[in-house]
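Peer 1: So Swiss-Prot lists the following for this protein:
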- Lys22, Asn23: phosphoenolpyruvate binding site (BINDING)
- Arg91, Arg120, Pro121, Val122, Asp123, Leu124, Lys160, Val161, Ser162, Val163, Asp305, Val327: UDP-N-acetyl-alpha-D-glucosamine binding site (BINDING)
- Cys115: 2-(S-cysteinyl)pyruvic acid O-phosphothioketal (MOD_RES)
- Cys115: active site, proton donor (ACT_SITE)
Amino acid sequence: MDKFRVQGPTKLQGEVTISGAKNAALPILFAALLAEEPVEIQNVPKLKDVDTSMKLLSQLGAKVERNGSVHIDARDVNVFCAPYDLVKTMRASIWALGPLVARFGQGQVSLPGGCTIGARPVDLHISGLEQLGATIKLEEGYVKASVDGRLKGAHIVMDKVSVGATVTIMCAATLAEGTTIIENAAREPEIVDTANFLITLGAKISGQGTDRIVIEGVERLGGGVYRVLPDRIETGTFLVAAAISRGKIICRNAQPDTLDAVLAKLRDAGADIEVGEDWISLDMHGKRPKAVNVRTAPHPAFPTDMQAQFTLLNLVAEGTGFITETVFENRFMHVPELSRMGAHAEIESNTVICHGVEKLSGAQVMATDLRASASLVLAGCIAEGTTVVDRIYHIDRGYERIEDKLRALGANIERVKGE
């Protein structure tokens, strides 16, 4: 397995170009299964999960090509099963189910894999599809969905806010007969992006970005060209990198209005932040950040995917800060690893109490999930001495060329190929 070797401390400064959002690209790739004409998707990040999704679409019979943009022609899809060998590494595969059953009347997906953070069950996806008229069976490790004729529009009240299930229901409802209303829908920018992609293909959707999405079913979806929005979590990660190293950064190809909660906390930490239409700059003026209190919650509140990075910020900040995680259980696996580097933290149920220290020291640490591993790499950039981050395949699932981008900001980082 590959590792990163990071030599610190360095001040990170310069410019970084933000990639397309993984969490929008993946649902959009699967939503392309609904289209009866070719689609072109631009600004798709080069990531392991994206490659796996493209491979899966090919196995279903779609023609998939990448030359800058990703081109998908799903006219000849003739396989309706997403097999275990592809699904086991990536939970996003469940998003194939809604489009398959909506367009072809049948679909089956092996139960998914992915990061190990907490319970992320597929029950909300299943109950949503059942309410649209699909028959669901769980057999031999597969979720099997079928319907005679078309799905039927329904009024669906989500038990809890779920980005994944909102995507599944919204995609399936585009080809259902009649109107579907999703109440307590997720409001994330990536949901809005997926909806806008579907609208480009001819879907009738309104209310995306609010907690009530209305979908009027249409008979078919055509083709089109669509550009994936910038990755707000990658943007936030690089802003934190500059903040903890007392540096200065400009993030290009960003979308500031998707990051309001994160930018507010960075300002509280003492960062000087400016935004333009598609850029964000942060300048610490050489100062150490101040500790901040953070509580994660569904959008538009503070995103859980930025929690590990802000835990790190607090651990090197002036003062004591509290980080409370309300979205996923079991999402503090980075804290013991940061403690190995000299961080002072206590975990009390779903809160980390962070006591800022002047400096961290390099150590051998292990990545446990995608965002936690990014925080360990950033910690290595500012720690004194050498840090080796093991199991970085987690990072490759969500960050495009993170070592190249950090190196361009002045980091001393190299990838060590595993045996």
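The backbone N, Cα and C atoms fix where each Cβ goes, and this holds for glycine too.
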Peer 1: Measuring CB to CB from Asp305 (UDP-N-acetyl-alpha-D-glucosamine binding site), give everything in the same chain under 8 Å that is also at least six residues away in sequence.
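Peer 2: Expected: Ile233, Arg371.
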Peer 1: For Asp123 (UDP-N-acetyl-alpha-D-glucosamine binding site), list the number of other Cβ atoms lying within 10 Å of its Cβ atom.
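Peer 2: Excluding its own Cβ, the number within 10 Å is 11.
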Peer 1: Distance check, please: Cα of Asp123 (UDP-N-acetyl-alpha-D-glucosamine binding site) against Cα of Lys22 (phosphoenolpyruvate binding site), rounded to an integer number of angstrom.
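Peer 2: About 23 Å separate the Cα atoms of these two residues.
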Peer 1: Using DSSP, would you call Asp123 (UDP-N-acetyl-alpha-D-glucosamine binding site) helix, strand or coil?
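Peer 2: SS state of Asp123 (UDP-N-acetyl-alpha-D-glucosamine binding site) = helix.
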Peer 1: Tell me which of the binding-site residues Lys22, Arg91, Lys160 sits in the most Cβ-dense spot, judged by other Cβ atoms within 10 Å.
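Peer 2: Checking each of Lys22, Arg91, Lys160, the winner is Lys22.
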Peer 1: Under a criterion of Cβ-Cβ distance under 8 Å and sequence separation of at least 6, what residues of the same chain contact Asn23 (phosphoenolpyruvate binding site)?
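Peer 2: The answer is Val163, Glu188, Glu190, Asp231, Ile233.
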Peer 1: Determine, to the nearest whole angstrom, how far the Cα atom of Pro121 (UDP-N-acetyl-alpha-D-glucosamine binding site) is from the Cα atom of Lys22 (phosphoenolpyruvate binding site).
Peer 2: 20
Peer 1: Rounded to the nearest Å, what's the C-alpha distance separating Arg91 (UDP-N-acetyl-alpha-D-glucosamine binding site) and Lys22 (phosphoenolpyruvate binding site)? Just drop the number here, would you?
Peer 2: 13
Peer 1: Measuring CB to CB from Ser162 (UDP-N-acetyl-alpha-D-glucosamine binding site), give everything in the same chain under 8 Å that is also at least six residues away in sequence.
Peer 2: Leu124, Ala186
Peer 1: Quick check for the class: what is the C-alpha distance, in angstrom and rounded, between Lys22 (phosphoenolpyruvate binding site) and Lys160 (UDP-N-acetyl-alpha-D-glucosamine binding site)?
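Peer 2: For Lys22 (phosphoenolpyruvate binding site) versus Lys160 (UDP-N-acetyl-alpha-D-glucosamine binding site), the Cα atoms are 23 Å apart.
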